[in-house]
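Read the structure below first, then the notes.
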Amino acid sequence: PLSLCTHRYDAGRDGFIDLMELKLMMEKLGAPQTHLGLKNMIKEVDEDFDSKLSFREFLLIFRKAAAGELQEDSGLHVLARLSEIDVSTEGVKGAKSFFEAKVQAINVSSRFEEEIKAEQEERKKQAEELKQRKAAFKELQSTFK
């Protein structure tokens, strides 16, 4: 578990990045991964086998990248490269703020998507009600003919 400040950013509200959140993160970084690719990314640094990334495991990605332990074409290598954060120069704090910012961005975008969905549902409902009102009005008209 992470420090208290991370939990308010996390889409799952749990201080971890799970498969779906990682999927969103990779899409935002412009490097979408397959379901299997995402699973493998997590597996590679998942020390406690809970199928999600803690901040500590997230840091491990950058340690492995710095040590040249990641395959060039692996998702983790892409993540380390695209996130443009150098743990050796920015230290753990830099990585932590990146992790939190990413988790926050994921959360914001999923909230945004939920709002859009809710709006679309509302519009559909209104259109349906309008159709029913028109139908009822037509029925009413036909009784007066």
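Along the chain as shown, residues are numbered 1 onward.
Backbone N, Cα and C atoms are what each Cβ position is placed from, and that goes for glycine too.
Source: prediction; values computed, not measured.
Database features, via TrEMBL:
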type: COILED; residues: 109-140; note: coiled coil
type: DOMAIN; residues: 7-32; note: domain 'EF-hand'
type: DOMAIN; residues: 33-68; note: domain 'EF-hand'
Q) Using DSSP, what's the helix, strand and coil tally for the domain 'EF-hand' (33-68)? A) 23 helix, 1 strand, 12 coil
Q) Taking every residue in the domain 'EF-hand' (7-32), what is their average pLDDT? A) 76
